[in-house]
Amino acid sequence: MEAVLQTRGLLSLPPNATRIRSLLNPSQGLKQRLFATKPLGLNGLSLSYKRVRSVVAKPNGLSPKGKSFICKAEAAAAAADGQPLYGETQPPKFLGIELVTLKKIIPLGLMFFCILFNYTILRDTKDVLVVTAKGSSAEIIPFLKTWVNLPMAVGFMLLYTKLADVLPKKALFYTVIVPFIAFFGAFGFLLYPLSNYIHPEALADKLLAVLGPRFLGPLAILRIWSFCLFYVMAELWGSVVISVLFWGFANQITTVDEAKRFYPLFGLGANIALIFSGRTVKYFSTLRQNLGTGVDGWAVSLKGMMSIVVLMGLTICFLYWWVNKFVPLPTRSKKKKEKPKMGTMESLKFLVSSRYIRDLATLVVAYGISINLVEVTWKSKLKAQFPSPNEYSSFMGDFSTATGIATFTMMLLSQFIFNQYGWGVAASITPTVLLLTGVGFFSLILFGGPLAPTLTQFGMTPLLAAVYVGAMQNIFSKSAKYSLFDPCKEMAYIPLDEDTKVKGKAAIDVVCNPLGKSGGALIQQFMILTFGSLANSTPYLGGILLVIVLAWLGAARSLDTQFTALRREEELEKEMERAAVKIPVLSESGNGSLASSSSLNAAAGDSTESSSETSTPSSV
C-alpha cells in the first residue's frame, strides 16, 4: 500500500484560503515540509496550497497496490474555520442557541436582575436617608464621596487583592457578598430603629456651634454616621457586587462572541428590574402616607425594602452556586502567559504600567467625574423642590422607573450598534450623550431667569424645570451607561489573562469608580471655595465637563485599537490550536468503504527510505 497525497480534488481551497495560508505557513513547499526531519506543526504536517501533481511516500512493508491512505487538507481547513472535524457532532441547540450557552446566559440574566433590583432600592434609599435627615442636606454628598466612600473603596480593593491570592474564586465570591446581605438586613431591623440612641446629635450640635455653619457637611457625617455607613455600603454594592463580582464571573464563563451577542441583552432583564424596583420604592413611599399618626412610616418601609434586598441577595448566591455546579467553563487559549503571583504594591505598579488598564481606568474615572458634576447640582435642586422624605422618595421611584424604560429601549438598539458599528462607536456614545445633556442642564441653570416667563406659561417654575431637565440628563446618561458603556467596558476585560483581569477589575471598578465620583466632588468643593457657590461656578463646571469628555473619547479610541489587536491575536491562537489537532488519515478500500489507519506522520517519518514519484491511486 502507498500513502498518497493527491492534490487534484483533495487540496481544494476553502473560501477563506488567505486566512488559512497565514495559519499554515506557506513559506515552505509541500514536499519539503512533508519529508522534513523535524515535525512542523499540525502534528508533523504543514500544508501549503502550491499546486503539484502528486507526492507518494512508500512506508516499509507496504505494497504499491491495495489500500490507499488519504489525508485531506480540508480537515485542517475546517478545523481552522471553526467547522466540526471528522466524526465531531454538532452540540444541541434551542432557537438557534446552544443549550450550554443558554445554561450560562439565563442564570446570568437573573443574577443581573436581582443585583440591579437591589441596587436601585439601595440607591434611592441612601439618598433619602442622608439628604433629608435632620441636620443634613445635599451638601453632605461631596464630603461623603471624598472622605468616606473613597477611603473605604481603597481599603476594600487592598483587602480584595489579598483575598484573591489566597481564596479560590467561589469562596471569594461568597466572602464578599455575604457581609453586604447581612449589613442591609441588620440596618433595617437594628441600626435604623436604634438611630436615635446611637447618633451623637448633642455632640454634633456643640461642634457646629463652635466651628460654624461651614462645617455642616463634615459634622453631618458624624451626626448621622449609621446613615452614612448605609450610603457607603450602597455605593460599594454598585462598585463591588455589580462590577467586580457579577461582571468578573460573567467574563470568566463566557467567550467574546457570546459577550458581543448577549452582554447588551443582560440589561434587558436588568432594566426590567429598574422598572419594578422603582415601583417598589413608589409603593413603600405611598404606604408611609397611609399609616396612622405616631407610627414611624420610614422604619416600616425600611424593614420591607431591606427584607426584599436580603431575599434577592440569597437568590444571587443560589444562582452563582447553580452555574458553578452545572455549567462547564469555556476553553481559553492555552498560549496565555502565566504571570507570577504579585503582592499588592507590585500589582498596583503593574496595573499602572499597562496602557490598556490606564485607558480602561480613564473611561471609568471620566464617567464618575462627568456624572457627578451634574448629579450633585441636580440633587440640590431636587431637595429644594421636594423637601419632605415622602415626596423625595416618591420622585426617585418615578425616576428609577423612567430610567429602566429608557435603558430597556437602548438595550434593544445596543446589539444593532455593536453588530453594525463595532466596539469603538458603542464606547463613544455614552460620553457624547452625557456631554449634550449636561450642556442643556447647565444652560437652563444659567439662563433660568430670562426663561421664567416662558416656563410660567407651561405651569413650571425655573426650579421645577431644572429638576426635570436634570432628571432627563441622568436618565439618558445612565441608560447609555447601562446599555453601551458597561458592556463595552466588560468586553475589554475578556482578552486579558486571569491575573490582570481579576486585579485590574478590582483596581478599576472598586477604586477608580469612587475616585471619579470623589474627583467630581473635589472639583465642586474647590469651585465652592473659590467662587462662593455652585451657581457661580456653573460656567466653569461646564468647561471642565467638556475637557473630561474629550479625554474620555480619546481613551476610548486608544482602547478600541488595543482591544481589536488583542481580539485578533486571541482568534489566531485559538484557530492555530484548533488546526493543530491530529488530522485523521482515512483508508479507502476498493468497494468505497472507509477504515481508519495509521497517521500520515508515520509515512513522513519513513520518507528517507522511500522514493518520491508520481502515482495514481488504485481507487479514489
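Here the Cβ of each residue, glycine as well, is placed from N, Cα and C on the backbone.
What TrEMBL records for this protein:
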TRANSMEM  105-122  transmembrane segment
TRANSMEM  142-160  transmembrane segment
TRANSMEM  172-191  transmembrane segment
TRANSMEM  229-250  transmembrane segment
TRANSMEM  262-281  transmembrane segment
TRANSMEM  302-323  transmembrane segment
TRANSMEM  360-378  transmembrane segment
TRANSMEM  399-418  transmembrane segment
TRANSMEM  424-446  transmembrane segment
TRANSMEM  458-476  transmembrane segment
TRANSMEM  540-559  transmembrane segment
REGION    588-620  region 'Disordered'
Answer key: the stretch among 105-122, 142-160, 229-250, 399-418, 424-446 with most Cβ pairs under 8 A to the transmembrane segment (172-191) is 229-250
Same-chain residues at least 6 beyond the ends of the transmembrane segment (399-418) with CB under 8 Å of its CB atoms are 120, 123-124, 260-261, 264-265, 267-268, 270-279, 281-282, 425-426, 429, 471, 474-476, 478-480, 482-484, 487
The answer for the transmembrane segment (540-559), taking Cβ pairs under 8 Å and residues 6+ beyond its ends, is 355-356, 359-360, 362-363, 366-367, 369-370, 373-374, 377, 424, 427-428, 431-432, 434-435, 438-439, 442, 492, 523-524, 527, 531, 534
Top stretch by Cβ pairs under 8 Å to the transmembrane segment (360-378) (candidates 105-122, 142-160, 302-323, 424-446, 458-476) is 424-446
Beyond a gap of at least 6 residues from its ends, the CB atoms lying under 8 Å from the transmembrane segment (302-323) belong to 103-104, 107-108, 110-111, 114-115, 117-118, 121-122, 125, 170, 173-174, 177-178, 180-181, 184-185, 187-189, 192, 241, 249, 253, 280-281, 284, 287
Looking at the transmembrane segment (105-122) and the transmembrane segment (458-476), are there 3+ C-beta pairs under 8 A, with each pair at least 6 apart in sequence? no
Counting only residues at least 6 beyond its ends, the same-chain positions whose CB falls under 8 A of a CB in the transmembrane segment (229-250) are 108, 111-112, 115-116, 118-119, 122-123, 125-126, 129-130, 144-145, 148-149, 152-153, 156, 160, 169, 173, 176-177, 180, 183-184, 187, 191, 259, 263, 266, 316, 320, 323, 486, 490, 493, 501-502, 505-506, 509-510, 513-514
